[in-house]
Structures are given as structure tokens and as C-alpha cells.
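A.B. asks: Quick one: the structure is below, questions incoming.
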Amino acid sequence: MEKEGPGVDRAGCVGGAAKTDAPTDSPGRRLHQQVMQKLNQACEGPTGQAIASKLQKTGHLVQTTMEWMRTIPTRDCDILMTFPNNTGDHTLMWLLSRLRSRMPALGVHVRYLPHLKVWGFYMTATYDNLLRYAEELGLKKTVKPEFGGGKKHFLYEEKESFDGVEDEMTFFSSQERQSIVKYMLDNLRAVAGDKLKRYVFFEGQPIIPKCLSKGMIKQILPLHRSEDLETLKKTWVHALFKPQPLDYICDYFGVKIAMYCAWLGYYTWALIFPAFFGLVMWFWAGSDEKRDGVVFHVFAMFNVIWATLYLEGWKRRSAVHAYKWGTLDMPSSLLQEPRPLFKGDVVKGSLTSSEVTGRPEITYPSWKRNLFYCFVSVPAVVLCLLVVFCSMLACFELQEVVNQGEDVSAVTRFLPKVLLSLVVMVMDEVYKRIAIWLNDKENYRLQSTYENHLIIKLVLFQFVNSFLSLFYIGFYLQDMTRLEEQLAALLITRQVVGNFKEALVPYLWGKGMLFKMAHSKMKERASGEFQASESTESTLTEGSTEEENTESSTSEKAEEPEGEEETEDGNDDETEEEIIDESPDAVKHGKGFTQAEVESCMQPYMDTFEDYLEMFIQFGYVVLFSPAFPCAAMCALLNNVIEIRSDAFKLCTSQRPFGQRVENIGMWQDVMEVMGMLAVIVNCALLVMSGQMQHMFPGLSTTQLIIMAVVVEHALIALKFILSYAIPDIPEWVEKEMAKVEFKRRQAHKKLEFLRRQNSLIAEDKASPDKSQDKEKTKSSSKTPSTQSTEQKKEQKVKQDKSKGSGHSERKEGSVSISAMPEKQQKVE
């Protein structure tokens, strides 16, 4: 186990925030005591004592509120992982040992959260590890201008070419840091033989997501940054009539949430045109049937064209945002990482090598998924749709029977509507669980594919659930007045209830949890049980059996990282204190709860799914039956102005979600285009069924009117396709900018290559004189004794040849007189 670093304080915070014990006579407590003393002096007698007693309780309530409003920030912690209250030592030590042995790049510190009575893992990573895993995650960062500019996938080996990489405090945003740490956490995979609480992991399975789904981990959440959050509240939540800070939202919450906010803002802006045009049509109609027919026809055609232009315009706007945020050219699906809960083929039980990357990965045969989809998912969805369809039709028929009764009270007439609401609510919840279960069983590899299929399933149900009553009134009863009333009631009721449910309820729920925790703390402090109750829970071995303690201690030793040596000089005690140092003495006199405790009580923000679904239903109300209620667009516009700020409030008061990178709004674009296509058919059918065409063309027969409606419907569909084809999805200037960046990057690469070659040639030229001298020295020194002796022999031979030639001539001349030479000279010769 790792030794606790100097940056870990004793108050449950990571990062070295100095811990100071707050005095018992804090300003709030002194003010409370002074007020109570004056009230007790002022209140005398039975009545005064009763008032003082009530005020005393109110004072405790105010003091409790002040407790949870004061929080201690948690520093240098990117992700918090908490566990259920009854989690034993064996589970904690098993996960901790796997994290530290198989993912050493993660920094994990264990803290006890005394007010929640749970254990927590505080996780972060060093800057170098963040850089290395940013490359694996495929994060895009800005390139320096001298290297071509623009954004490209981060490469650790080329990190010097990225702008701002020298500053480790600002290079990664807090959202990017948390995404990288979450990626590291999800890549903790099991090996053969891993087992926890009777659950056996198969090889390559992600451990943390599976433990989270099985309830062994309570929650995993990224922590807020208070400074950035306050800035968002000022520029987003409280700025009612100012543009949304989309770039700031992207940096803090990620591209997916920023793309939803951008779409909602664009959709709200686009609603201005049908809202005011419909308001004019609504005031202008009503004088006679012919004018009503003109309004009906004109507004129906206008809505169809508006829906097409709005959807095509959003494609172009989303391309601009994606280019700005670096997600326009997302990698191929074959290169994307699988979602954490993707299950491999259990029959094979082993990893296979990817044909694209060559890395080991989990695979699942597509024929199994298609088999389950065709023979289980489709029949189940169809059956659920039939059940809700028949249930709603039964409620409609019951309503008609009650309405036809003569002596029926108002309460009885209202009962079928209540029954219909209950059926819709129950079926909605049941079908949502069924859809999620079916989607999990289909086991899609990518998160985007998983979400797309879930969208299709839930959109089908919500379409039947939200629009069946309108189809029943418009086409079966053919009552346009009742259709207008029903549409207005559904639209306004959904908007009011939706805003209350999605923003105010989570906020009140979170505040209630914090107030409950603060009240419990005040109560224990007043009764003197705070230290006693928590001291029994401040050890890691609390509530565990002897067998679990033995297993945890042995697993701790067995799962140490390889190559890690034992500590010396009593460091083992410090390591043990890292696990159990969150004693109640560290927090019982603190200024308030830690940030981790406060955010653990917040309502989690699940996803943008519910927000998109709400707006999808609203879009259907606007375009499907808008001729019956021209003010639908105006109601939607007023609601969306509030919806933008309520969503901002919800995001800023909920647990911070993990950032996700997306190219566009995905399948929601497709389902809205289908809704626009369906709007053409429905509006043309309403023209015939409502009798408006008969009023405008009284001389035509029913067959001729139907033929005319079909012709108009085909013409409008053709117009939609023409507009979709004529308007490019990506603006021309974006394509030019992308081409410019690519050209500059290539030119910068060529320039760098030229400079490298030139520098290498200059270095070679500088080294050439030295090399020539070295060569001569090398030649002279490299001559071996055999070579030298050979040359000497050659020289001696040449000399001998010369000497032999001269001696021979002398002998010829002196051969006659040799005998005449002196005797001494002859002897010498």
C-alpha cells in the first residue's frame, strides 16, 4: 500500500488544506446565544415561556441550517467513490489492492466520511500520467501555431507541439482531468480467477462498472469546482435574457451537455417565427368558416416548411459547434473504446486481438444480438405498445359512456381522466424498465449505439402515450374544438409539471438530505454521543467477521504492487493511518461538512435523455396538430425561455456529471426529422377530416378532395427532400477552415523536416575537418607490424637490386685484374 503523501491532510481532504479546529463559540453560536438570552429575559410568565420554547426550537433550526451551509472544500481530488454503509473490510481492501497493483497511475486515498458513515476513495493522477492517458482517450488539444495550429489528437511523444502543455494547472480543464481519471478507472480489468462476494469476473471484464451495477459501490462522482460553478451561476442561471456561455459550459460539463444546451437555445430561437405567426393567425381566424379554412391551410404549410428549415439549420449550427469543440471528425466506431458495461462472449471467456488496432479486446458475436433483438426485443416492445394502446382506448370509451350519461355527477365524469393518468404513469415506468433491460441484454459495444437503440424504444412508447388521445379526438371523433382543448391542456400541463419535477424536486431533495444530516449532527453533539457513536465506526475492521479480517489483511499483503519494498522506520503505521485516519475528532469541531459529503447528498444528473425526450414531445405538439391550436408554438416558446434557466439551475445544483464527447445530438436529429415527415401526413389528413377543404372547395367530391390532399402531401414531402439536399450540412467556411488548418499543418511538417535535415547537414559539415584528420591518424595508426615489415622488405629489395646491378658491372671490369689486386684487399673482398 502507498504511503500517505504530504499533500493529504487529517480532515478528510486531499491537497494539504490546513486543518484548524473551529472554536466552540463561533460567531453564529454567539449570536444565537445572545438572541436567546434577550428573549428569555423578555418572555416571562406561562405565555412567555411557551413563546420562548417555540423560539428555542426555531433557533436550533436556524443553527442546523447554518451547519449544512458551511462546507470544507475538498482539494486535489478529481473523482470520489463511496460505498454502502454495510461494506466490509474485505471488499474495500480487495478493490484497493487491485487499484494500486493494476492501475498504479491512479492516486487513491481512503477517507472515512463520518457524517454519512461511509468510506470513500479519493482519486486523482499526476500530470505526467494524465498526459499519457489523454493519448489513449483520444483527447483533442490545440496545436501551437508554428506546428500548424488547430486541434488534433494529443500525442505524448509530441507533447511539446501542443499549446499550453508547459502549464499543468491550465492545460487540462477540470472536466478533462475527471474524464481521464474515469477512463483509467474503467480500464481496471479482471484477470482469470478474480472473485468478489461470490461474483466471479471473467477475463478482461471491467471491475468498477460491474461493482457499481451490483451495488458493491454506492456512487462514483466527479467533484465540482466552486469558483467555476459560481461563474456559471452568474452568467447562466441568473442571466435570464443573456446568451448561454456555451464554451464555458463545454469546458465544465463536456461537449454532450453543451451540445444539448446549444440545441435548446437554437430551437427556442427558431420557435419565435411560428409563435408570432401562429398568434397572428389565431387572432385573425374565427370570423367565418372560409377564413378558418385559409388559416388552417396556411399555418399547416408554414409549419411543415419551418420544421424542415429549422432541422437543416441546426445541422449547420451543430457542425460549427463541433468544429469549435474539436469533435467534428470523430474517429471511426472501430477505433472507439467499448462502453464499460459491454459484456464479452462468455462462452469463449477470453480476450481476442482486434483486427484494426491489434490490441486485446472483448468481443460479442452480432448474430446473438440480432437473434435476441428479433425474437425477444421486438415482440416485447410490440406487446407493450398494444397493452398501452388498448388501455388508453378503454379509458376513452369509458369517458364517452360517462359523458353520455344524464344523471352523472362531476366527480364521476372526472374519474376516467384520473384513471387514464394513472394508467399512463404506471405504464410509463414499467415500460422504461423493460426497455432498459432489453437494451442491456442486446449488449451493444459502443455507448452511442446503446443510447440510439434505447431512444428508439422509448420514443415509440412516448409517441403512443402522448399523442394517442389527440389522434383519437382528431380522426375518430373529428372534433376540432375538443382537439384544441386537449392539445392546450396536455402542452401546458406537461410544461408546468416537467419544470417542477426536473428542477425543483431534485433541489429540495438534496437540501432535505443535507438538513437531515446537519440535524443529526447537531442532535448527537448536543447529547454528547457524537464521538461515541462514530469512534466505533472509524476503523476499517468495523462490523467484519474474523474471516473477513484475515482475508483483508492477507489480500493486502498479497496484492501489493510488484517491486514495492516494505517501508522502514515505522512507515507501516502511517500506511495504516491512511485508511483509518478519518476519526470523529478530525471533524466534530470543524466548520462544516466536507465538499465530498455535501455533493454525495445531491441528486445525480443522469443524462440529457429525459431533457431531449421532453423537447421531442413538445416539438410533436407544435408541428403535428398545430393548425388546431396555433398558439402551441407561443406556449412552447415561453416554456423554453424558462426551461433554459431551469436546466442550468438543475445542472448547477446536482451532482456533476462526467463529460462526454459527441459530434452532434445523434439519434434525436433523426427522430425529429421523422416527426417532421409525419407532420406532413397528419396535417394533410386533418385538412380532409376536419372539413376545411370542403369549405374552401365546395364543388369537389370526397374522392377528389382525398386525391388533392395526397398530391399536396407528396409535394410537401418532395419539398422537404429538396430543401434537405440543397442546404449543406456543414457550412462552407467551416470546410475551408478545416482545409486551411490541414494545409498549414502539412506545411509546418515539411518545414520541420527541412530544418531537421539542414541542421543535420550543418552538423556533418562542422564535423568533416575533424573527421579527415581522424582518418589520417586512423590510417597511420591502423598500420599493423606485418604491413610495416612488408613495406620495409620492398624498400630493401629495391636497394638490393640497385646494389646488385652496380656490383655486377664492377665485377666485369675488375675480373681481369682481380688477381693483380693486393692480397689484403682480396681477403677483404
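Positions of Cβ are set from backbone N, Cα and C atoms, glycine also.
The compositional bias 'Low complexity' annotation in TrEMBL covers 533-543, 781-790. The annotation compositional bias 'Acidic residues' is assigned in TrEMBL to 561-584. Here TrEMBL flags 763-779, 791-814 as compositional bias 'Basic and acidic residues'. Per TrEMBL, the feature domain 'Anoctamin transmembrane' maps to 249-740. Residues or ranges marked as region 'Disordered' by TrEMBL: 1-28, 526-592, 763-829. The transmembrane segment feature in TrEMBL is assigned to 266-287, 293-311, 371-394, 414-431, 454-477, 615-638, 674-693, 705-727.
Show me how these features fit into the shown structure, please.
C.D. replies: Within the chain carrying the transmembrane segment (293-311), a Cβ under 8 angstroms from the stretch's Cβ atoms is held by residues 267, 270, 273-274, 277-278, 281, 284-285, 622-623, 626-627, 630, 669, 672-673, 675-676, 679-680, 683-684, 686-687, 690, 692-693, 695-696, 716, 719-720, 723-724, all 6 or more beyond its ends.
Long-range Cβ contacts of the transmembrane segment (414-431) within its own chain (Cβ-Cβ under 8 Å, at least 6 residues beyond either end) map to 384, 387-388, 391-392, 395-396, 398-399, 402, 458, 461-462, 465, 469.
Proximity of distant same-chain residues to the transmembrane segment (454-477), defined by a Cβ-Cβ separation under 8 Å and at least 6 residues beyond the stretch ends, is recorded for 377, 381, 384-385, 388-389, 392-393, 396, 420, 424, 427-428, 431-432, 435-436, 438-439, 483, 486-487, 490, 609, 612-613, 616-617, 620-621, 624-625, 628, 666-668, 671, 685-686, 689-690.
Beyond its flanks by at least six residues, the transmembrane segment (615-638) meets 264, 267-268, 271-272, 274-279, 281-282, 285, 295-296, 299-300, 303-304, 307, 459, 462-463, 466-467, 470, 474, 480, 483-484, 487-488, 490-492, 494-495, 668, 671-672, 675-676, 678-679, 682-683, 686, 690 of its own chain at Cβ-Cβ distances under 8 Å.
Here the transmembrane segment (674-693) has long-range neighbours at 292-293, 296-297, 300, 303-304, 307-308, 311, 474-475, 478, 480, 616, 619-620, 623-628, 700, 705-706, 708-710, 712-713, 716-717, 720, meaning same-chain residues at least 6 beyond its ends whose C-beta is under 8 angstroms from one of its own.
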